[in-house]
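Colleague: Let me give you the structure first, and then I'll get to my questions.
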Amino acid sequence: MKTLLLTLVVVTIVCLDLGYSLICFNQETYRPETTTTCPDGEDTCYSTFWNDHHGVKIERGCGCPRVNPPISIICCKTDKCNN
């Protein structure tokens, strides 16, 4: 009986995928590709874009921060969606 109960608990945890954390890209313009695991409860990745005297700048990470023009932002909700 205990074995059955333990088996049901393990199957429930695996099926519910408890503790899932979103993975987002977090590299900046022209840097090697890197990722980060977002904090618990964070379910969004972002990419921001803006121009400066060197050209287009890009920043990526977890969350969906507010930005002001001329910065543009794209937010998404799946692993590695912000590349």
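Cβ atoms are placed via backbone N, Cα and C, with glycine included.
Relevant sequence annotations retrieved from Swiss-Prot are reproduced here:
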| type | residues | note |
| --- | --- | --- |
| DISULFID | Cys24-Cys45 | disulfide bond |
| DISULFID | Cys38-Cys62 | disulfide bond |
| DISULFID | Cys64-Cys75 | disulfide bond |
| DISULFID | Cys76-Cys81 | disulfide bond |
| SIGNAL | 1-21 | signal peptide |
Colleague: Out of the disulfide-bonded residues Cys38, Cys45, Cys62, give me the one sitting nearest to Cys81 (disulfide bond) by CA distance.
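Modeller: Out of the listed candidates, the nearest Cα belongs to Cys45.
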Colleague: In the structure shown, which of the disulfide-bonded residues Cys24, Cys81 has the fewest other Cβ atoms within 10 Å?
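Modeller: Lowest Cβ count within 10 Å among the disulfide-bonded residues (Cys24, Cys81) is Cys81.
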Colleague: Taking the disulfide-bonded residues one at a time (Cys38, Cys45, Cys64, Cys75, Cys76), which has its Cβ surrounded by the most other Cβ atoms within 10 Å?
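Modeller: That would be Cys45, with the highest Cβ count within 10 Å.
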Colleague: How big is the gap, in Å, between the Cα of Cys45 (disulfide bond) and that of Cys62 (disulfide bond), rounded to a whole number?
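Modeller: Just about 4 Å between their Cα atoms.
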Colleague: Among the disulfide-bonded residues Cys24, Cys38, Cys76, which ones place their C-alpha within 10 angstroms of the C-alpha of Cys64 (disulfide bond)?
Modeller: Cys76
Colleague: Taking Cα atoms as reference points, which of the disulfide-bonded residues Cys24, Cys75, Cys76 is nearest to Cys38 (disulfide bond)?
Modeller: Cys24
Colleague: Cα-Cα separation of Cys24 (disulfide bond) and Cys62 (disulfide bond), in Å?
Modeller: 6
